[in-house]
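Input: a single structure, listed below in structure tokens.
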């Protein structure tokens, strides 16, 4: 008997503290765009308005929603897709045991119950990409939805997609996903990588990681599974994912040939693309820029080729002494992509894996080829983003952004960090967030998170949380630096709450309310401490913000200007400081 994955097997939580799920009505009937509304307490009887923030958590944080993983999420986009009249349902390819990396299907594998659904594809001669619609002046329902999430006009969304500066990854076979956009003129997005390996993790664990990542703010997830049950794991994830799902198809193709890179063929790879497109994968990382002539250049590197996909294709090219079949068949790949609206994430197979290799000839040679491939994809109206490094010291980061915008004609940049130093295993979420904040400021559209386990092991759900929060910090810092019109509102609200000692509001407005309250309560756990005008750092006598309040009160009571009050107030505080023994902490 086939097993299943149930909600009881994984940890699903309701809304974050002090928050509730709200929905904004869209322009068409039934369109409801989710937001997270953070409540605030009053200040001396004066109301502080609730703060609405972008929400990626899907229905899992809606108390009215009953989670049934075996049924998958509701599919609001399904009717939008059918209404356009350019798709057809068909039988699809037969799912085989080889798709899960086995010769005989295991009775213990929890197969998703709805495997008999028919996939959709474009009708003969049709193109169903969001870029195709945008270039023909059509504002789709997906674009209207995105406009509400981003706080912009639908026409602006359409134009950014039409001109290739943004992508809206939305496979017609993933109608469960809530539409989102990736582009430098929108909020900086964060991707979280999940997926099993040959030695670790189960299907239930990966579904849990997906719901966990989106709860903390992941805008997309990539399933990078390389072990058994790749197809089945992906089916469970996609059917329950409220965000776009990306993959690296070469990983599964390699499993189909028993892990022997030289046995890969275009036919096996093509079959894998169609398999994943029928399931609903929204974007593919394709390492079509790893050309035969670039491989020898990497020989003088400190760390060679560090991309898994890049190394697989390099091994194939060298064994056969032929050009990369992903490059030679690129037009055919475009034909597949536009039948399902799968977006390209053109892989950086030659990205630097160490500071010593940053911005070298191999890296930028591949980037030139990615620019060439971008033009070909756009000729087919297929959406494209470009993957970037990697390991890059701070002073070399800006050059990466400038070259990508120039060579790839403004296509969205999607970077892994970059890591700004190589000496901190166990802390690479920090070394990379430094680079991520910088390159996000310079124009990168989406940041691929790095967890504390980078270079060390497969991340668990706690590592996923740490990685997502770290990268939400980097993305938000980049939004602030770019002057995004609404980015500062949450900062301003939290700063006001901090100055007014509204501790619960401080916790609730933060990116990780649970962690903030946990740290506060380690030293001041009493409920009364949630209203105290100090914390354990400075104590009640030397809290700078309490002193500032005292100065303002002094000015008010003595009818003084603030500057004069500060001078007089500071003299009094100096006297008080001396009288208490000149000790800073008490």
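A Cβ is built for glycine as well, from the same backbone N, Cα and C atoms used for every other residue.
These numbers come from a predicted model, not from an experiment.
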Query: For the substrate site that Swiss-Prot assigns to 193, 222, 251, 307, 308, 309, 348, 349, 350, 351, 387, 414, which of 132, 287, 329, 455 is also named?
result: 287
Message: With helix taken as DSSP H, G or I, strand as E or B and everything else coil, how many residues of the compositional bias 'Basic and acidic residues' (22-39) land in each class?
response: 0 helix, 11 strand, 7 coil
Task: Please indicate, using numbers and ranges, the residues of the same chain that are 6 or more beyond the compositional bias 'Basic and acidic residues' (22-39) and have a C-beta under 8 Å from a C-beta there.
output: 15-16, 50-55, 57-58, 61-62, 76, 79, 141, 144-145, 148-149, 178, 493, 508-509
- prompt: Since the record lists 251, 414 as binding-site residues, which of them has the fewest other Cβ atoms within 10 Å of its Cβ?
  reply: 251
Query: Just counting, how many other CB atoms are there within 10 A of the CB of residue 455 (Zn(2+) binding site)?
result: 13
Field: Cα separation, residue 391 (Zn(2+) binding site) to residue 414 (substrate binding site) (Å, whole number)
entry: 14
- line: Counting across all protein chains, other CB atoms within 10 angstroms of the CB of residue 193 (substrate binding site) number 23
- prompt: Distance between residue 193 (substrate binding site) and residue 455 (Zn(2+) binding site) at the Cα atoms, whole Å?
  reply: 14
Message: Distance check, please: Cα of residue 307 (substrate binding site) against Cα of residue 455 (Zn(2+) binding site), rounded to an integer number of angstrom.
response: 12
